[in-house]
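Quick look at what TrEMBL lists:
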- 54-82: transmembrane segment (TRANSMEM)
- 207-398: domain 'Glycosyltransferase 2-like' (DOMAIN)
- 382-401: transmembrane segment (TRANSMEM)
- 407-425: transmembrane segment (TRANSMEM)
- 495-515: transmembrane segment (TRANSMEM)
- 521-541: transmembrane segment (TRANSMEM)
């Protein structure tokens with residue numbers, strides 16, 4: 001401890017010498033001599049009486065949330081590491097007419113499956129998704145591919161319809177369905193798609209977004225869980241990405257989503273047989289969808305909404321991480337921002353709408369309700385988004401201006417390091433990207449925090465829905481390019497003013513800490529400020545196609 005004090009004193013002395021004496025910068029000395037001292041004394045009084053107590057309260061709340069987040073990360077890591085493989089928990093033998101058990105249970109070989117592909121102006125990817133769905137290894141007379149086209153571009157609608165006609169000529173049962181409006185967006189399209197008469201003959205429903213390309217054996221590896229286990233409502237597969245190395249931003253997204261699937265989904269499936277449906281690459285029991293009330297467009301996370309309602313009815317979910325479905329990561333920063341706003345805001349809004357219903361339901365156990373309210377919603381959908389921004393981008397930078405606030409080392413260093421390690425061990429091939437991941441995720445937490453409060457308070461853009469831009473198939477063998485990508489557009493068209501203003505605030509705090517502080521926070525704060533500038537000026541991700 002004595003060594004730490006001597007080091008801090010030596011650091012302060014070195015700075016004073018570098019700045020030309022203990023009086024501080026010449027400009028500040030002049031300002032004090034010309035009357036600024038009165039303002040400083042006034043600021044000291046306000047700071048001690050109001051600002052410091054408020055910041056101390058926020059700091060205490062952040063430390064409590066940090067402990068919550070660490071406990072949740074440890075729980076999920078342990079649950080995912082000791083996971084019970086789904087084929088050991090449930091019967092998942094292959095189906096076939098030769099199986100006497102199938103005949104006895106009335107399955108008669110392969111059940112009827114409906115494959116839904118919702119799309120909206122998907123010129124770049126419509127062939128990939130329709131072709132992959134029509135290439136599934138399942139008897140042609142036992143599967144219906146339903147293309148739900150909400151496109152507003154007549155040319156794209158004609159192309160999608162022609163593609164469906166071509167596959168129908170090859171013997172595939174493809175239905176091309178359109179609506180007169182986009183009411184309810186994706187949820188509305190899925191809901192209306194279920195109303196067609198031919199759907200009544202189907203037992204199970206597979207959903208794929210327009211950029212998802214399932215392998216031919218997808219149904220062979222997922223349907224048996226549903227067919228042989230009547231208590232299961234949903235089988236979720238893992239996402240695999242065709243363009244993780246397109247730029248640094250897609251690499252960071254892959255790290256985040258890999259953790260989500262390897263840890264969060266795996267832990268939920270293994271412990272409570274519940275997790276949030278990812279909206280695609282999953283297979284549902286149609287009777288479970290009907291019992292839960294069907295698709296609902298009241299939020300922008302219709303997939304999570306349906307999963308929660310089905311879970312409250314007692315249905316179980318299974319995550320099968322060995323089954324992977326190819327998809328595309330958004331490489332354009334604006335598209336990624338909009339996607340994150342929709343996901344974050346929708347989850348928070350669903351928490352607002354269903355919190356009381358979850359608490360009052362009598363069809364599930366108390367532990368299941370506590371898991372859903374505390375772990376699934378409060379910690380992962382609120383705390384995990386708000387904490388990184390409030391603590392690392394607001395409280396810590398502000399604390400260098402408020403000497404009365406001392407944040408303990410365990411809250412600033414030990415807990416963040418522990419959480420980062422838990423992330424890193426599940427992404428060993430990407431461990432060298434961890435510093436970039438931390439800085440970028442903190443910037444994105446700025447947008448996620450806004451989206452969280454928009455959802456919780458149900459403000460203006462709560463139901464904003466913008467389809468994520470897709471660019472088509474990209475080789476995942478492409479080497480990682482330079483860190484900063486220069487978009488092909490005018491500089492002022494890619495600015496984000498809020499991020500640039502926040503970068504100015506961080507630079508002020510870092511500089512103050514460098515000049516007057518006795519710690520080394522300025523190193524992190526400068527790096528975070530630079531990241532805000534990079535993202536705020538649009539030098540992140542790739543340009544539009």
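Any Cβ shown, glycine's included, is placed from N, Cα and C.
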Give residue numbers and ranges for long-range contacts of the transmembrane segment (521-541): same chain, 6 or more residues beyond its ends, CB-CB under 8 A.
247-250, 330-333, 336, 392-393, 396-397, 399-400, 439-440, 442-443, 446, 484-487, 489, 491, 494-500, 502-503, 506-507, 509-511, 513-514
Mind checking which residues reach the transmembrane segment (382-401)? Cβ under 8 Å, same chain, six or more beyond either end.
55, 58-59, 62, 65-66, 68-69, 344, 348, 351, 407, 411-412, 416, 441-442, 445-446, 448-449, 451-452, 456, 502, 505-506, 509-510, 512-513, 517, 519, 521-522, 524-525, 528
By a Cβ-Cβ criterion of under 8 Å, what residues six or more beyond either terminus of the transmembrane segment (495-515) are in contact with it?
15, 19, 24-25, 393, 397-398, 400-401, 443, 446, 521-522, 525-526, 528-530, 532-533, 535-538
Would you mind listing the long-range same-chain contacts of the transmembrane segment (407-425), meaning Cβ under 8 Å and 6+ residues beyond its ends?
59, 62-63, 66-67, 69-70, 73-74, 77, 255, 259, 391-392, 395-396, 399, 431, 434, 437-438
